[in-house]
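According to TrEMBL, the active site annotation covers Asp154, Asp172. Summarising the annotation, TrEMBL assigns transmembrane segment to 39-57, 102-118, 125-144, 164-191.
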Amino acid sequence: MRNADCRIVRIPLFVCMHMQSAPSKTPTRMQRIFAYRRLHICAIVVFVLDQVTKAWIHNSERLPFNSYGPGEHIEVIPGFFNIVHVGNTGAAWSILSGHSEWLAVFAVVVLLSIFFLRKTLELHVRAIQIAFGLLCGGIAGNLVDRVMHKHVIDFLDFHFAGYAWPAFNIADVGIVTGVVLYIGSTILAAVRERKGE
C-alpha cells in the first residue's frame, strides 16, 4: 500500500509504513500439504487399492503362485477376463525380467525426483496433480512388492480377439493412467497456449 493510498483511507502513516515493510507470511506446513491434496488423495487411493487386492491374491487358497491357465485361474468373463496369480520380476511386458532389485532402486529415484522437483512440475494444475498422484501411488505399490516378494504380483488377465494381454495390477493401472493424463494435459495446455498467441 502506497503512502497516498494511506491518506485516502485515513490510515496513520506509521501503520502504513509498517504494513509495507512487513514480510509476507510463508505458507505453513499444513497449507503446503493441502496445496497438494489431490496428489496425496490419488496416491493413497491407488496404493491402498493395489495393496489390498494383492494381499487377497497372495493369501487366496484358490490362487496359488503361478496360477495361470485353464483350471488354475478364476474365470470372471469367459474368454475375456480372468483373475490369475503370477509374479513379474521385470517391468511392463516383463521388460528387464530378473532385475527386480534395480527396478526397485529406479522406483525410489523416480519418487524422490518427483518430490524434489515438485515446484517445477506445474502441480498447481489440477490435472497434472492428479496425474502425478496416480503415478506415485502406482510406483509405490509395485515398489512394496519388489521389496517384500522380490517380484510384482500381477492378477488382472485380459484376452481379446485371440490376444492375451500381459497380466497386470492396480498399480500398473495407476501408472499408465497417470502418464496418459500428464501427456494429454501437457498437449492440451500447449494447444491452448498456441491459440492464445
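Cβ from N, Cα, C; glycine included.
These figures come from a predicted structure and were not determined experimentally.
Sequence-distant contacts of the transmembrane segment (39-57) (same chain, six or more residues past either end, CB-CB distance under 8 Å): 33, 63, 83, 85, 123, 129-130, 132-134, 136-138, 140-142, 144-145, 153, 155, 169-171, 173-174. Reported as a whole number, the C-alpha separation between Asp172 (active site) and Asp154 (active site) equals 9 Å.
Under 8 Å, Cβ to Cβ, and six or more positions away along its own chain, Asp154 (active site) finds Val84, Val86, Gly87, Asn88, Pro166, Ala167, Phe168, Asn169, Asp172. Cβ contacts within 10 Å of Asp172 (active site), excluding its own Cβ and spanning all protein chains shown: 21.
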